[in-house]
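Quick look at what TrEMBL lists:
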ACT_SITE  GLU225  active site, proton donor
ACT_SITE  ASP370  active site
ACT_SITE  GLU474  active site, proton donor
ACT_SITE  GLU493  active site
BINDING   THR579  Ca(2+) binding site
REGION    50-93  region 'Disordered'
Amino acid sequence: MQWRALVLGLVLLRLGLHGVLWLVFGLGPSMGFYQRFPLSFGFQRLRSPDGPASPASGPVGRPGGLSGPSWLQPPGTGATQSPRKVPRRPEPGVCGPAHWGYVLGGRDRGPDEYEKRYSGAFPPQLRAQMRDLARGMFVFGYDNYMAHAFPQDELNPIHCRGRGPDRGDPSNLNINDVLGNYSLTLVDALDTLAVMGNSSEFQKAVKLVINTVSFDKDSTVQVFEATIRVLGSLLSAHRIITDSKQPFGDMTIKDYDNELLYMAHDLAVRLLPAFENTKTGIPYPRVNLKTGVPPDTNNETCTAGAGSLLVEFGILSRLLGDSTFEWVARRAVKALWNLRSNDTGLLGNVVNIQTGHWVGKQSGLGAGLDSFYEYLLKSYILFGEKEDLEMFNAAYQSIQNYLRRGREACNEGEGDPPLYVNVNMFSGQLMNTWIDSLQAFFPGLQVLIGDVEDAICLHAFYYAIWKRYGALPERYNWQLQAPDVLFYPLRPELVESTYLLYQATKNPFYLHVGMDILQSLEKYTKVKCGYATLHHVIDKSTEDRMESFFLSETCKYLYLLFDEDNPVHKSGTRYMFTTEGHIVSVDEHLRELPWKEFFSEEGGQDQGGKSVHRPKPHELKVINSSSNPPYEEKGCRCLSPEGVAQPLVGDPSSPSPGLEGRGWDWAAHLLLASQEPSTGLSAAASNEDPRRHTVNALSPQFRIFCLPVSGSGKTAAFGDLHCPIPQRAPL
Ligand code: DMJ
C-alpha cells in the first residue's frame with residue numbers, strides 16, 4: 001500500500017508543480033496537461049506590475065478570477081466547499097529533510113520528461129551568482145548599519161543614520177515596541193553571519209555584543225519582539241559558539257564563558273514581570289526593562305504576542321536547568337488555548353489578559369495569530385512535548401474547517417483555488433476580504449507538517465501578488481484585487497516559504513521565485529546606505545527604515561535558498577528556524593527536562609524516612625521578576641493560581657525553622673519563606689546537607705523552590721503556592 005501512496009503523492013506533486021509553473025511563470029506544460037486539469041486559477045489575469053490598482057469592475061466572483069464566489073461563502077455550502085480533511089502525514093516527530101524525502105520521494109528517479117524540460121532551468125553558475133547577490137545584500141545592509149547606526153538599534157538607510165527608541169513619543173509603538181536601545185540589528189544579525197560562514201565578523205560581533213550591550217535600560221518594549229529578536233538570537237549564537245562540531249567554520253570565542261546565555265537570562269528575567277499579576281496567566285504585552293510593567297499599561301494583547309514565546313523561553317529553561325521561563329510561556333499558551341471557541345476551535349486575535357475576553361474576534365493566519373500556530377508545532381519539534389503537537393493538530397484542523405475556502409485539492413476539481421480567509425472565531429463567518437503579507441509564512445509551516453500540495457498552492461497565490469508589485473503589500477484585498485495597505489517593510493515571509501518549498505521539492509521554480517524576489521529588492525528597495533522599507537508598493541516610494549529582520553531573516557533565507565551546500569543543509573545536524581529566522585539545532589539534549597529529578601513522579605524521602613511528594617513541573621504556580629541574580633538581595637514572592645502575588649510567611653528567627661522531619665526541599669521552602677532572604681540563606685547554609693550549601697554559591701546543582709504545603713506547621717500559611725527561583729547558568 002505504501003508504494004501506491006508514494007506514487008500517488010508523486011503524481012500529485014508533479015502535477016501541482018506543473019500547474020504552478022504554468023500559471024505563474026508561463027513555463028507550463030502542453031495543452032494536454034491543461035486539459036487534464038481544468039484550473040480556474042486566475043493568476044494570469046492579474047494586472048501587470050506597473051498597472052494601476054483599481055477595484056475590480058466586474059461582479060464579485062466572476063469565474064476564474066481571484067475573487068471566486070466560494071471564498072465569500074462559508075465552508076460546506078456548496079459542492080466544492082466541504083471542509084478539507086487534513087492530509088495524512090507521517091507519524092509525529094518526523095520533521096526535517098527526512099520527512100520531506102518521505103513526502104516527496106522521487107529524488108532518485110531517472111530523468112523523465114519533466115526533469116528534462118526543467119533540468120537546465122537554473123544553471124549552477126546562476127545559482128552561485130544569486131547566492132553571492134544575497135550575501136552582498138546582507139553585507140551592504142550590515143556594513144552600513146555598523147558604519148552609520150551602531151550602537152543604535154536600527155539603520156535609517158536613506159539618510160545613513162542610526163535610530164533608537166522614540167523617547168519623545170512613547171505612544172509610537174511601531175518603533176518603541178521593537179527598539180530597546182540594545183543594538184537590536186547587531187544582535188539580530190549574529191547567526192546570519194555564522195550561516196554565511198563569516199567567522200571573523202561573527203566573532204567580532206559576538207564580542208561587541210558581550211562588551212557593549214546591556215538590558216539595564218529604561219525602555220518599554222514588547223515582550224514578544226524582545227523575545228524573538230533578541231533572546232532568540234542570543235540563544236542561537238550561544239549554541240553556535242558552543243557547538244562541538246563547529247559546522248559553520250570556527251565560530252568559537254576565546255575565553256567564552258556563556259556570556260550570551262547569561263545575557264539571555266538577564267533579558268528574560270526582565271521580561272518576567274509581564275507574567276505577574278495577570279489573572280489569566282496570559283502576559284502583559286509590554287514591560288519596561290528596568291521597572292517592569294508600566295502602571296498605565298494596556299491589558300490587551302494579541303494572541304501571537306502572548307502565545308509565541310515558548311520556543312525561546314523553553315530553550316532558555318532547558319539550557320539553564322530552570323523551569324521558570326518555560327513554565328510561564330507554557331502557561332500562557334494553555335490559557336489562550338483554553339479560551340478557544342467551543343464551536344469552531346478557533347482563537348481570536350486580541351484578548352484581555354485579566355478577563356480572558358476576546359477583544360478581537362478575528363481569526364486568521366496573519367497578524368495577531370501567525371506565530372502562535374507556528375510555535376505550537378515548532379515547540380513540539382524541539383521539545384517533543386506531545387501536548388504541543390495535539391494542540392497544533394487540533395488548530396490545523398480548525399483552520400482547514402473554517403479558514404480555508406475554495407476547492408478541496410490544490411490542483412484539481414471544480415471551483416476556486418484554495419485561500420485562507422479571516423473569519424469570526426465564534427461563527428466562522430467571513431470578517432473581511434483581505435489577507436496580509438504575514439500570512440505568507442504559512443506555506444512554510446505546511447511544508448514542515450507535510451502538507452506540501454496545499455503549501456504550493458498558497459505560496460503561488462502570494463507569489464502572484466509579488467509578481468504584480470515587486471513586493472507584497474501589507475494587506476491585499478482579494479475581492480477588489482488591490483492592496484488595502486500599501487507598505488512593504490522588507491518582510492521575509494514569502495522568501496521563507498519559498499526556501500522551505502525548495503528544500504521540500506528541489507524544484508527550480510522556487511529558485512526562480514527567489515531570483516525574482518532578490519532582483520525586485522535590489523531594484524526597488526536598495527538606497528544609499530542599505531535597503532529601505534517600501535512605503536507604497538505601487539509608486540515604489542520608500543521610507544527611511546531597515547527593520548532588523550531584513551538581516552536576520554530575509555537575507556538569510558535568500559542566501560540559504562541558493563547555497564545548496566550550506567552546513568544548514570549538509571552538516572548532518574537538523575536545524576529549525578525560530579519565527580525570527582534564528583537557527584536552532586534540533587537536539588535530543590533539548591528534549592530533556594533538567595529539573596525532572598526535582599519533580600519526579602515518585603517523590604522522595606525526607607530526612608526521617610517519610611515519603612515526600614515532589615511536585616511535577618505543571619504544579620509550579622509561580623514566577624517572579626525578583627529572581628534576577630544575585631538572588632539573596634531580593635525576596636521571592638509566590639503567586640496564587642490566579643496570578644496574584646502573595647505575601648510570604650515564615651519564621652526567619654529560627655536558625656532552621658521547621659526543618660526537622662522534612663526533606664531538603666522543605667528547607668528551601670522555608671528559606672524562601674523568610675522575608676529577608678539573607679537570613680534564610682544563612683539558615684539553610686548552616687545545614688549539613690551539601691545541597692543547601694550550594695545555595696549561596698548559586699550552583700546549578702541546587703534549586704530553590706517554594707513547594708506546595710501539604711504538611712503541618714508554619715508552612716501551612718502558604719496554601720498551595722509554589723515559587724521557583726531561576727538559577728545561574730551551568731558553569
Ligand atoms: C518578524 O519579526 C518575525 O518573522 C515575526 O514572526 C513576524 N514579523 C516579522 C517579519 O515580518
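Backbone N, Cα and C atoms are what each Cβ position is placed from, and that goes for glycine too.
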Practice prompt. Identify, in sequence order, the residues in the chain of GLU474 (active site, proton donor) that are 6 or more apart from it along the sequence and have a CB within less than 8 Å of its CB; answer 'none' if there are none.
Written response: ASP436, SER437, PRO483, ASP484, VAL485, LEU486, PHE487, TYR488, PRO489
Worksheet item: Of these active-site residues, GLU225, ASP370, GLU493, which scores lowest on Cβ atoms within 10 Å?
Response: GLU225
Discussion item. For the C-alpha pair, I'd like the distance in angstrom between ASP370 (active site) and THR579 (Ca(2+) binding site), rounded off.
Written reply: 9
Fill in: Three-class DSSP secondary structure - GLU474 (active site, proton donor)
coil
Worksheet item: Whole-number Å distance between the CA of GLU225 (active site, proton donor) and the CA of THR579 (Ca(2+) binding site)?
Response: 11
Item to complete: List the recorded positions GLU225, GLU474, THR579 whose Cβ sits under 6 Å from any atom of ligand 1, in sequence order.
Response: THR579
Practice prompt. Using C-alpha atoms only, work out the spacing between THR579 (Ca(2+) binding site) and GLU493 (active site) and round it to an integer in Å.
Written response: 10
Discussion item. Which secondary structure state does DSSP assign to GLU225 (active site, proton donor), in the simple three-class scheme?
Written reply: helix
Item to complete: Starting from the Cβ of the residue listed as 'Ca(2+) binding site', draw a 10 Å sphere and report how many other Cβ atoms land inside it.
Response: 24
